[in-house]
Amino acid sequence: MVEIFYTNNLNQVDSFQLPNYVNQMIPIFLISLIAEIFISYRRFCKNERVYHDFNDVICSLVLGSVQELFHFIIKPLFFIPYLYVWSNFRIVTFSTDSYISFIIALLGIDLAVYSFHRVGHEINFFWAIHIPHHSSEHYNLSTATRQGIFQYISAWLHYLPLALIVNPVHYSFHHHWNRIFQFYLHTETFKGKGFLDKIFVTPSHHQVHHASNPEYIDKNYGGILIIWDKLFGTFVEEKEHVEIKYGVIDNIDDHSPAILNCQHFIYMYKLSKQLKGISKLKVLWKSPNWLPEHDDPSLSKSTNGQKEEQSLEIEQESKSKRSMNDIASKWICLYSIMEIIGISSFLSILETHSKLLELEDMLYISTILIVQFIYVGMVLNRNHSHQFYQCNNIYSNNNMKNNGKEQQPIYNSNFGKYYNLLSTTQSFRLVITSMLLYQMSNWHSTIESEPLNMVYYNLSVYTVLQLIIWIISINLTELKVVQPSPIHYQQQTPKSTEECKILHFKLLKQILNI
């Protein structure tokens, strides 16, 4: 039965020869996502609710690509320790065609997923790693790809005890197919209720897990089987009268992979500044909702003041959140899709041609991808139609009033002029990338590495096409720019250069709604 899924020759099992079923399923994942968008669109016509936001979907796909790049780099962690324990310390030897081993592996891997997932929610450091997955306020198949870059840095420790009894081939199989099963849990297209939800995790169960409603927080951690949640007291069934609110308690309206991966680490650092000495390390193992005042009541006053200030900022930010599918232009969207295709091509090179890659190839591809991730996030954060403000000087939104009505002269600009620095550096990046890829194709001109030669050359041509689309996009994307009046410093005259910088920053933050 199980032979059709993997090799029976254990001598061929090493950290790089085990098949990556997740990567093989990527085309099916994308087809499923497109199908879900069409189904949701028809449903949207009936209930006036939007299930997919363009920038959010692209951001999720980028975050998944970042995680897959890092997963490729740390791939040996998943297999070398496991194979070492299996080879030297295993208690029993099961063959690859053993049904007993197959079932034990299914249960063991899923229990390890439960353990790994629960730790990711209940310990601050691991929550900082896992929080990007929960950062979306939408719930669809793209959310499944929305992963933190360091998501699997500790996962291998949860799987390692299985090496005492579970065949490495079964381990590989269930490790991948558990992830594939979880992909299809991230949808509102169907609930999966019925007799199946008594044993298996269904989309309804996992919707509860992604909810930020107080009664749903930190529930339903299971991967395939819901029995672990029922056994360990973390199971909650979806309540029909409760409207699910997705995301985290303090949502951040940002589409930058860098910010989404770093936001909770920054929060932990700010908490640690309230502590002294080695006690600063508490923030690593305490729960995500822990505050220093819980251990030291003397910090309560200052902490409460900071919490009030943070809540005020959150309230102000919530007023300026984007509407669904708010985009600057279809050209910027087209360019963003081309970026995703380019990223997927690079990841395909890493997986398909890993044996032909040299260290220089790995370094160059990783550098290209990391820079690309950063720039895609910057573009997505600017792909909206909000009012744009001219900020050459210090301005105030509230000064231009005539008879109680605001008079705000509006003029047209384009994306390239308004975001001059981003547009220029992005164009420069694409030129450098294209030249580098062309040079890399020349390095692989031998017969043995001919496949890489063609791949690099095609990517070089594709990057030139990206550059052309980018230049067209930034010139054809029109923006309406509001020009407020200069602020008058009657009672706020800064006394020093530093105070001037602080005042300037606060005003720009207010004007730009950052």
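Going from the start of the chain as shown, residues are counted 1 onward.
Yeah, the Cβs are placed from backbone N, Cα and C, and that goes for glycine too.
Under the heading compositional bias 'Basic and acidic residues', TrEMBL lists 306-318.
When averaged over the domain 'Fatty acid hydroxylase' (102-234), pLDDT in the model lands at 91. Feature annotation from TrEMBL assigns domain 'Fatty acid hydroxylase' to 102-234.
The region 'Disordered' annotation in TrEMBL covers 295-318.
Summarising the annotation, TrEMBL assigns transmembrane segment to 20-39 (among others).
Within its own chain, the transmembrane segment (69-87) is flanked in space by residues 13-16, 18, 149-153, 155-156, 159-160, 162-164, 167-168, 171-172, 175, 347, 350-351, 366, 369-370, which lie at least six positions past its ends and keep a Cβ under 8 Å from the stretch. Annotated transmembrane segment per TrEMBL: 69-87 (among others), in sequence order.
The transmembrane segment feature in TrEMBL is assigned to 99-116 (among others).
As annotated by TrEMBL, transmembrane segment applies to 331-350 (among others).
The transmembrane segment annotation in TrEMBL covers 362-380 (among others). Residues 55, 58-59, 62, 65-66, 69, 73, 255-259, 332, 335-336, 339, 342-343, 346-347, 349-350, 422, 425-426, 429, 433, 436-437, 440 of the same chain sit 6 or more residues outside the transmembrane segment (362-380) yet have a Cβ under 8 Å from a Cβ within it.
Feature annotation from TrEMBL assigns transmembrane segment to 459-477 (among others).
Within the chain, the transmembrane segment (459-477) has long-range Cβ neighbours (under 8 A, six or more residues past its boundaries) at 328-329, 331-332, 334-335, 338-339, 341-342, 345-346, 414-416, 419, 423, 426-427, 430-431, 433-435, 437-438, 441. Secondary structure of the domain 'Fatty acid hydroxylase' (102-234) per DSSP (helix as H, G, I; strand as E, B; remaining residues coil): 82 helix, 3 strand, 48 coil.
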